[in-house]
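What TrEMBL lists as transmembrane segment is 66-83, 89-108, 120-138, 144-163, 192-208, 215-232, 281-299, 311-334, 346-364, 371-390, 419-438, 445-462 (among others).
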Amino acid sequence: MANISDSSKQLNRVLKIVCCVILMIAAGYKIFDLSTIHVLYDEFGYTATAAYYNGYDWSSVAEHSAYYSYGLGLLLAVIMRISNGNMILYYRLCIGMNILLLVISFIIACEIGKKLFDSVPEYIVILAAFGISFYSNTLVQTNILWTETLLYFLFWVSCWLLLKAFESSKLKYFIGLAVCNVYMYMVHQRTLAIIIASFMIVVGWGIIKKEFKSIIFFNGILLVCLSISYLLKSDVQNNLWGMEILSKDVNDYGGQLSKVIEIITSWEGMKAFLLSFSGKVYYIFAASLMIVNGHLSGLGQLIKEKKSKDLGIYIYIILCLCGAIGISAIFMLHGNRQDTLIYGRYTEYVIGPVLLIGLLFLWEHKVSKKVFALTNIGFVVASVLVYIKLRNTGFTVYNLVCAVGLSKIFKDGQAAGMAPLYAMVAAISVGIIMYLTGRYIKKHISRLIIMLVIPICYWTYVNNNALTIVSGANQNNASIALVAENIRNHIGNKNSEVYYLTDRKDFESRYVEVLQYFIPETPIRYIDKEEIRDIDDFKDGIIVIDENCFDLFELVPTYQILYWQNGMILLESSDILEEYVLKDEKEILLSEKQMVKGQSTVSTSEYSWESTGQEGYILYGPYIPLRKGEYEVEVEAILLDSSVPSNIVMDVYAGEILVQKEIELTRNGEKISLAFNLDEDTNNIEFRIYGYAGCNAQFKNIKLIKNM
């Protein structure tokens, strides 16, 4: 028997290792597609705190962003120090940390499941813990640099510490619980529900068990840690975020106080809260495929049977879930997107223990029929409310990362339609199948296939789509690294200033956050046109302008254009560089940095190109923003072989061809010009030269001219 037991333990260890490896692959297979922040402002906010703790000054950009808490930044600061300014390495190390936290969470889940369900074979517990790790939000959020994965991990630690505290009554576990839960609060203030729930559970348990020493130590450490967190918060708010800007309170209590008052003092506010709460409940039930119902029904059965063993941990988890939903309902009281009504973020960090316990309750069929039926009815009611609300509002925006679990049923850019009801039918069907499986199917292998394969397949289907979208958005922002590299090249080792010129106020021009991310050692200062005139010593600094805010011609010839890409234009004082020749304030000479060569085109200088006779586009670009007005584009064309005529087509394109001219080049030094009129502002004007077969010519000095 001992040999069988040892063999079983060895097999379980091997199974855990295999599950860990699979989890790392499933969560990390896109890691090399990720290199920069892309969910703005969130990812910038957490990294800004890390930069602050590393001595970098991002305060000007941070002051134009929303406030984000500092707990995650304490960890990221260490990774930033290790990466030594290599921000691509930094991001991937951070994602690696998330993946590691996911794997450790799985291991903790195995331990908790084994303690709570000692009658269930350990390999079943391991597979259940493995299965719930594929829950859509859990896996996808590992690929984004924000708080979700850390909070998910910390909540597992919190549950484990509470379980050990109740099991042994040792003070070290109560102290650890207080520290863990306050750190969660430092990571994000929406975890206030965890602080409140742990206080209620520990005090209640201490009174029942007459463990007053535990109550005193727990609450004492809780108060000390909260005091420390207040000091840290005040420091970053005052020195990094500039909290005198009231609109930044969106992630702090000040921004939510008016909503709480509205809920308490008006029926309209209370209705909005109840609807918001119902939407979040709907999402948790639907995205979990009703496994959450297993937890509630199992808890109902324990209460019915008056079984008090481990009841405290089950109640703690449910209190945390309800509290998280309630806080999310307040924050999203008046949302204007589909996902803000159902919003899974800041609720799903508590989902792990809920799913594990629910799945194992269903496995053992220790569920209350009455509670199971009532929760299904409640889910139907919530689904109908969500359907009616979305039908009446007509919202079409669905932010995938805020409600990952239903992102294959709800579609961004489309009205919700019947989607809420489709998700309801699917979730109830799966829930009933699991309920019946636990009750009637005795063979473990059959039960495993039904109860684990169905949710894992659905969650994996959602995950693959979500991870593709997340990595694609990340790669779009990664190209801003080219803008950052140009800034680095031009300022070199000089202590040059970098300014961001915009006429927009807070919460606008967000891509400058990505730019600051890529040049952590160089502060970017927000300025407007009035302020820039007051800079007396602007000699070797760089101005980054928001291309959507200014007419490029307003800024020349006072400043030289260095580079433009990704909605940003880099400028430097015109007496510093001669890289761009500005004839007067009406002309801009375009170089090879802006014009794209065709496959049959060769650059002969910075402002000159030659075609080699193959048919196709010779040049196109520069995708520049222009305000409405009258313009002209001019180019000099020189035949390389004047005995052979060269035919070209030149046009101006902005979503459609604005003007087009077919030209036969017959003599040297011919100037070609196209006049065009813009009736409205455009972001991507393009000049194109197309050469027919045999076109052998040189093109130089492409000028954009604005007719004042």
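Any Cβ shown, glycine's included, is placed from N, Cα and C.
Remark: the transmembrane segment (419-438) makes no contact with the transmembrane segment (215-232), by the rule of 3 or more CB pairs under 8 A. In this chain, the transmembrane segment (120-138) lies close to the transmembrane segment (281-299): three or more C-beta pairs between them fall below 8 angstroms, excluding pairs fewer than 6 positions apart. Here the transmembrane segment (346-364) does not lie next to the transmembrane segment (371-390) in space: the count of CB pairs under 8 Å, restricted to residues six or more apart, is fewer than 3.
Below 8 angstroms of C-beta separation, residues 155, 158, 162, 165-166, 174, 177-178, 181-182, 184-185, 214-215, 218-219, 222, 226, 312, 315-316, 319-320, 322-324, 326-327, 350 of the same chain, each at least six residues beyond the ends of the transmembrane segment (192-208), sit close to that stretch. Listed as Cβ neighbours of the transmembrane segment (89-108) (distance under 8 Å, sequence separation of 6 or more from its ends, same chain) are residues 16, 19-20, 23-24, 27-28, 31-32, 34-37, 75-76, 79-80, 82-83, 129-130, 133, 138-139, 141-143, 145, 149-150, 152-153, 156-157, 160, 352.
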